[in-house]
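According to Swiss-Prot, the protein carries these features:
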MOD_RES   1  blocked amino end (Ala)
DOMAIN    13-48  domain 'EF-hand 1'
BINDING   26, 28, 30, 37  Ca(2+) binding site
DOMAIN    82-117  domain 'EF-hand 2'
């Protein structure tokens, strides 16, 4: 007998974050994540894994990878994670030398051109609080600032 997937309780915020992640990866907006979506996403991150690696990712999900399947696949991974760690890990993907900094221009370019495409106004709002030094964005400091702000809510 097949095991029923374990139900994972996600907060509204986690659900919203997973929805945003799914939308960002679903480049052709057809409601499914396929091989081309993964290729586009990885190439926009500056890395193109071989097809067999991408196929292995897609094989983790029986059938087509729609949002429900995506939630099942990633919900378990997310539900036990600290949101600050998740944010730090997301930023670290763009930190080429692992020093805790992302070049300001590179980050602005990502915000303007990837996923939900931030407007110039939204970027200006993000930049108000951004810990910048020598045109480098300190994401560890940003995560700490955001974490303290969340605790006060």
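Each residue's number is its place along the chain shown, starting with 1.
Every residue gets a Cβ built from N, Cα and C, even glycine.
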* Under an 8 Å Cβ to Cβ limit, what residues of the same chain, 6 or more beyond the ends of the domain 'EF-hand 2' (82-117), are close to it? -> 13-14, 17, 20, 23-24, 44-45, 123, 126, 132-133, 135-140, 142-144, 146-147, 150
* For the domain 'EF-hand 1' (13-48), distant same-chain residues with Cβ under 8 A (at least six beyond the ends) -> 54-55, 57-58, 64-67, 70-71, 74-75, 78-79, 83, 86, 93-94, 113-116
* Residues flanking the Ca(2+) site, with Cβ no more than 8 Å from the Cβ centroid of 26, 28, 30, 37 and excluding those residues themselves -> 25, 27, 29, 31, 32, 33, 34, 36
* To do: Going by DSSP, give the three-state secondary structure for residue 37 (Ca(2+) binding site).
  => helix
* Within 10 Å of each Cβ, count the other Cβ atoms and name the one among the binding-site residues 28, 30, 37 with the highest count. => 37
* To do: Count the residues of the domain 'EF-hand 1' (13-48) that DSSP assigns to helix (H, G, I), to strand (E, B) and to coil, and report the three numbers in that order.
  => 23 helix, 1 strand, 12 coil
* CB contacts for residue 26 (Ca(2+) binding site) [other CB atoms within 10 A, all chains] -> 20
* Structure fact -> Counted with DSSP (H/G/I as helix, E/B as strand, rest coil), the domain 'EF-hand 2' (82-117) has 20 helix, 3 strand, 13 coil
